[in-house]
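Visitor: Sharing a structure below in structure tokens format, with a few things to ask.
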Amino acid sequence: MVDEMFDVVVVGSCFVDLICYVPYFPKFKETVKGNKFQLDFGGKAANQCIMAQKLGAKTTMIAKIGNDQFGQDTMQNFTKFGVNVDFISVTDKAETGLTSIAVNNAGEPAFISMAGANRHLIVEDITAAETVIKSCPVMVCDKGIPLKIAAAALKYGKSLDCRTLFNPSPKLEFVPDDVYVNTDVLVLNKEEGESLTSIAACDFEGMKNIILELHKRGISHVVLTLGSEGAISSEMTLEHKIPLMIHTRASKVEAVDTTGAGDALTGALAFYLSCYPQLSFSEMVSRAVHIASITVTAHGVQSSYPTRDQIDDWLFDANSRKFKELGLELLHNEVIEDKDVEKCEQSSVL
């Protein structure tokens, strides 16, 4: 298996999700009766890997699980979808990561997470996959593992000519400079953007300033996810020295469970970066937004992710442009004024 070519390699967290659906979140010392229980598989990196795999990418997961039943179940889940599991290793030092999730009637989740084995991923686990990483156009990394390991993974991926995508979630207040230097595409939500930059995202001006600050730190491509409002993509490259920001509106759907929607977007974006490099960055993000909006219409996390044959063919047509027909109208295409560009000057453009 390791001699094969792969499209996406994902480094990060694996969790088993215990999901309880409730009418509302309990107050302190209150007991709320659940409506439904579901066991699913999660972890941001694992979700992103499964989403890319379901869309048709050949993926490899690099992760750590516990020597327990949940670990065995996690491995079987990856295998079921065709993910290469050669670099998912087992530790006796901790149990498989576990997350307890409550989802209210609005489809909004609340989490209690225990990292467990995810804390024990080490650099050698990543370098052991050198042959696979060399074959992959795209590496994805999350923050469900120790930050120093995520930073090392991104650096290693860049050294092997991968295009690197980083999702700094759970949110961080600080990211080392080398993470910015070794990240080509940064995907984060408003709360994560606020935490990293100390800039309020209460309106578009604030969100624009968050993106500008991230460009200033060396990120060439930024995706700021906005939940039901879609996402803002921005690129600042040798071709676009003035940041090109585009706001893609999500399709209007009835959400029953938004858990893992951001991961679906990230996984779909990784798929397009690897398998459809001829698309513009904003087009990739727009298609990923549409796929993510589908996932919120079903309960669960990975179980809510559609397979390629369950979604519209146009999403896999490199020549298709159907934003308006499917509610993905480009709402904003702003060329930042020159005075703003001065704030974004980068020592090098990735």
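Cβ atoms are placed via backbone N, Cα and C, with glycine included.
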Visitor: TrEMBL has Thr225, Leu226, Gly227, Ser228, Glu229, Gly230, Gly262, Asp263 down as binding ATP; which of Asn182, Asn189 does it also list for that site?
Guide: Asn189
Visitor: With Ala46 (substrate binding site) as the reference Cα, tell me which of the binding-site residues Asn189, Asp257, Thr259 is the closest one.
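Guide: Of all the candidates listed, Thr259 is nearest in space.
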Visitor: How many angstrom lie between the most widely spaced Cα atoms of the ATP binders Asn189, Thr225, Leu226, Gly227, Ser228, Glu229, Gly230, Gly262, Asp263?
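Guide: About 16 Å separates the two most distant Cα atoms.
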Visitor: Neighbour count first, Cβ atoms within 10 Å, every protein chain included; then name which of Gly230, Gly300 tops the list of binding-site residues.
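Guide: Output for this query is Gly230.
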Visitor: If you count other C-beta atoms within 10 angstroms, which of the binding-site residues Leu226, Ala298 is the most crowded?
Guide: Leu226
